[in-house]
Amino acid sequence: MTGRARARARGRPPGQEAAIPPVGAASAQKTLPSHPSEQRQSLQPCHPPPLTEEPGGRGRQRGPQDAPKTLGLQISAGFQELSLADRGGRRRDFHDLGVNTRQAIEHVRESKTGSSGAMIKLIANFFRLTSRPQWALYQYHVDYNPEMEARRLRSGLLFQHEDLIGKTHAFDGSILFLPKRLPNKVTEVYSKTRNGEDVRITITLTNELPPTSPTCLQFYNIIFRRLLKMMNFQQIGRNYYNPKDPVSIPNHRLMVWPGFTSSILQYEESIMLCADVSHKILRSETVLDFMYSLYEQVEERRFRDACAKELIGVIVLTKYNNRTYRVDDIDWDANPQCTFRRADGSEISYIDYYKRQYNQDISDLNQPVLISQYRRKRGNVTVGPVVLIPELCYLTGLTEKMRNDFNMMKDLAVHTRLSPEQRQREIGKLVDCMKKDECVQKELRDWGLSFDSSLLSFTGRVVQAEKILQAGNVFDYNPQFADWSRETRVAPLIHAKPLDNWLLIYTRRNYDAANMLLQNLFKVTPSMGIRMNKATMIEVDDRTEAYLRVLQQSITPDTNIVVCILSSTRKDKYDAIKKYLCTDCPIPSQCVVARTLSKPQTALAIVTKIALQMNCKMGGELWSVEIPLKQLMIVGIDCYHDTLSGKQSIAGFVASLNEKMTRWFSRCVVQSRGQEIVDGLKACLQTALREWFKWNKYLPSRIIVYRDGVGDGQLNTLVNYEVPQFLDCLKTVGKDYNPRLTVIVVKKRVSTRFFAQAGGGLKNPPPGTVVDIEVTRPEWYDFFIVSQAVRNGCVAPTHYNVVYDTSKLKPDHVQRLTYKLCHMYYNWSGVIRVPAPCQYAHKLAFLVGQSIHREPNLLLSDRLYYL
């Protein structure tokens, strides 16, 4: 089973894996069963909890939700609440604004830029935000006497004095922001309520904020989202989409909404808007359509469980107001005929509510309802849960079956996988629309703000391509493609492990595939230097128990590796095999789906990759690049959440064992929710140092940690807690042991895009492009690298943030080393997007979180058994 196929088979949550038959089965005549063995009985009206004009439900509560964390900026709870609504969820990246790590790294305080490499002209998806001279944002606190609870009322009373405060303002019920300063520091005004009650309003100046203050940065983002709403963009999650410009793909019953991601932050020289293209994929089938389709596929007694498995966790879009909700539960005891209490105390059925409120007719009166634990506050009241009618909800996203449909993905890519020139054109449309919209321009003028009309241009660098070293041979590769599979195909490996005693397990229907694999392995292994005997071939029934029984009976202490030919990508069978061979009976294993061997024209290429994988899993070494630094240990860490319980976090920890970076120590930390993952990482580091000493007879003098899996808002915790824990761990190794430590945070999910200017057009920057100016952050020692090549669409850079460094290595050296390590991932004969130890750590954590669900046996720790 190839890594890519395995990721697709296992890498998505259960709610995304349904096979979707033809849609349109729903009709008023059909009835979904309420219980496995009986049709729904007539229901008495049910009474969900009272809510304000949003139908609430009787869904089972799944425990209290986590309260939103307070932002690290001193604004107000109300302003945070306002910003959450306008920002599209919790923008945890604002927590990282106050983390200034560069000042503590002495050798980069003055300059963090490198100089090696050839210059390249680049354009980035950034627009400068400018403000008028001496611009400031004025922050006021507003008090009411007597106290007014409702935010809408507080706003109405304050806005009676727009002659004083002006029409340009942002108010959250407590904090008022103005683009001008009021005449007095404290201003008292009086307003009247509708019933004639006098209210004294005290407006007190609390802050005069410069353009670069963290509060202003947050404020800019809120104003920008206000502008998007003015242009009729629809907020879905964090991003904004244009429902009036949809792209229809009728032959696949899909709709694509174009949209944008956006963020305004302080960068090296200026405050800038980073805008990128985003697409929302909608399906033209409703949840009810899907339920009826599923009902035709499964046994009646399993129907409700199947619905829960497929729908809980899925995001749906309501057809009446284009809002998205997460399905948290299905209430089979309610239906559209049930009633709920409105804010005025009157009762209304869901049928009547949706007809009066949205002019939506509900045809199936016996369908169950969906429950969304909608987490949003109105004033001091938490709104939720929300009841949704399946018939009125469209499904979003793609199922696993859709993702495996080559023609569908090809047709979808035409609209979503944009070339650099297409992407630049689409991003430019955003600012063009803003320029043409008079309301938007007036809002910006009133605040004293404006955006550049052209994208940011600057100069980057392209470092030289690496030479691939393989058993005395040196290979160059085409740097434009960053792939050396052809060049190294006939060369022996650095260290080839023999296939003396190995098992090949297959089913009767897959005998031909097993035989083809064996014959082709005999063809490709000699040039690699792999000595190979014929496998012990064992036929089994196509059942999980049969595979496990054969494994238990056939594996001996001399077995090198087990190869299993599987009929399909069935996750339960794969998981059972991997769990047994990674924990109970530790031995390297290779699973291959039979159909991947079915095409004669690609069989040799596929078997070559399988042979390389098998060699790695047994402890072999494939290739290397020149690493000038000596006595250097590289560590990669990545985190993953267990799919079985959702309550475990898994950290993959991978550390180099030799100076050539060709052998790795791998270990996993499985932590329950609430436990600190770093405690387990300390133990991993101690064990890795012991293993390094066994291999080299000395300890490393430098340790560089590449830390992936750090979410937005977690940077402060990593710097102030995780890094000190690593330092404490090193002290326990020995009194005189004081290696130089570097910790680099790796971030793949970035909106930044670079376009290379070439011959009057734009193309992707070549692999090895480094950017450490303009779009990096002044308070960080950070840089971007474009390491991989892509055939279609736009290449995505990776962001590296050096948060701790006592190495005193020049920025050039850190950047070059990072790029070198992107060549060392043995599951791909080419350059990948992150340093190899990060990808190894990800693969390990992914395998444990998806299939094994416990720590693998340590006897495998010196092999890349998880590739």
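Placed from the backbone N, Cα and C atoms, the Cβ positions cover glycine too.
Now, the feature entries from Swiss-Prot:
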ACT_SITE  Asp638  active site
ACT_SITE  Glu676  active site
ACT_SITE  Asp708  active site
ACT_SITE  His842  active site
COMPBIAS  1-11  compositional bias 'Basic residues'
COMPBIAS  28-44  compositional bias 'Polar residues'
DOMAIN    286-397  domain 'PAZ'
DOMAIN    561-853  domain 'Piwi'
REGION    1-70  region 'Disordered'
REGION    485-621  region 'MID region'
For the domain 'PAZ' (286-397), the number of residues DSSP places in helix, strand and coil: 35 helix, 34 strand, 43 coil
Active-site residues listed as Asp638, Asp708, least Cβ neighbours within 10 Å: Asp708
Cβ-Cβ distance under 8 Å to His842 (active site), same chain, at least six residues away: Asp638, Tyr640, Gly652, Asp708, Gly709
Integer mean pLDDT for the domain 'Piwi' (561-853): 93
The region 'MID region' (485-621): DSSP-derived helix, strand, coil residue counts: 68 helix, 26 strand, 43 coil
DSSP three-state assignment (helix, strand or coil) for Asp638 (active site): strand
